[in-house]
Amino acid sequence: MSIRIHPIKAFNDNYIWTLINEGNKQAIVIDPGQAEPVITYLEDNELELTSIWTTHHHYDHVGGVAELQEAYPMTHLVAHGEHTVDEDQTIKDGSTVSAWGCAAQVWDVSGHTASHMAYILDIDGQKHCFCGDTLFSAGCGRVFTGTIEQLHDSFERLNRLPAETLLYPAHEYTASNLRFGLTIEPANEVMQQTLAQAEAQTAQGVPTLPVTLAHERAVNVFLRTQEPTVIAGVKSQVAIDDDKPLTVFAALRELKDNF
Ligand SMILES: [Zn+2]
C-alpha cells in the first residue's frame with residue numbers, strides 16, 4: 001500500500017495532514033480547520049475526499065469540517081463525541097480507524113483538551129503518529145480543558161512508541177519551541193543545530209515536520225524531564241519542590257506559558 005502524506009497549510013501555522021492514495025486518487029484529511037485550502041489542494045490534484053479525522057474540538061482543527069462535508073457528501077467523519085462535529089464514527093481510546101486497509105490505532109492523549117485523540121497509522125510496519133496539539137516538535141501544547149497530569153501521561157505514552165515513529169504535529173512551532181528549550185539547555189548542541197535548520201526552513205516556508213520520536217527525545221525538553229541538564233535548567237529559572245518528572249514537566253509548561 002502506498003500512502004503519501006502531505007501537509008496542507010492553513011491559517012498562520014497550521015498543518016492539515018493529508019493522506020493520499022495515489023492508486024485510487026482518494027484522500028483523508030486530519031484536522032481541517034479551514035475548508036478552502038483543502039478543496040483547492042484536492043481539486044488541483046484531482047483527489048476525492050473520502051474521510052476526515054479530528055484530534056480535538058478547537059476551531060482551528062474542526063472549523064472546515066461542515067463545509068467539507070457539504071462539498072464531499074460521501075465523506076466519512078471520524079471524531080470523538082466531544083469534538084463538536086456531526087461524526088459518522090465515534091472514536092475513543094482503543095478504537096481502530098482504517099485508511100485503505102491500513103489500520104490507525106486511536107489513543108487518548110488528553111491534556112491540551114479533555115478529549116484529545118491521536119491517530120497512530122501503521123504503513124508497512126512504519127508508524128505515523130498524528131498527534132494534533134499534544135506534542136509539537138521541541139515542545140508541547142498548552143493546557144486548556146485538560147490537566148497537566150493528563151498531558152504528562154500523554155507524553156509518557158507517546159514516548160513508548162518505537163524510536164523511528166514519525167510524529168506529525170498540527171502546528172509549525174519548531175523554531176520558537178527550540179528557542180525556549182535552549183533557555184533550559186543552552187549547551188544542547190543538537191538543539192542548537194536543529195534551531196539553525198528550523199529557522200532556515202521556516203524562512204523558506206518549508207515544513208520542519210514530520211520528525212522522528214528519536215529526534216524529539218534529543219531536542220524536546222518536555223520528553224527530557226529526567227535529564228540532569230533539564231532539571232538544572234528549570235531550577236535556574238524557578239524553584240521546584242522535587243525532581244519528579246511531573247514536577248519538572250509542569251514547571252517547564254509554566255515557564256513556556258510565560259516565554
Ligand atoms: Zn488546540
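Even glycines carry a Cβ here, placed using N, Cα and C.
Database features (TrEMBL):
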DOMAIN    14-171  domain 'Metallo-beta-lactamase'
BINDING   His56, His58, His112, Asp133  Zn(2+) 1 binding site
BINDING   Asp60, His61, Asp133, His171  Zn(2+) 2 binding site
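A Cβ distance below 6 Å to any atom of ligand 1 is met, among the binding-site residues His58, Asp133, His171, by His58, Asp133. A helical conformation is recorded for His61 (Zn(2+) 2 binding site) in the three-state DSSP classification. Each of the binding-site residues His56, His58, His61 was scored by the number of other CB atoms within 10 A of its CB, and the lowest score belongs to His58.
Of all the binding-site residues listed here (His112, His171), it is His171 whose C-beta has the fewest other C-beta atoms within 10 angstroms. Looking at His58 (Zn(2+) 1 binding site) and His171 (Zn(2+) 2 binding site), their Cα atoms lie 13 Å from each other. Counting other Cβ atoms within 10 Å of each Cβ, the binding-site residues Asp60, Asp133 show the lowest value at Asp60.
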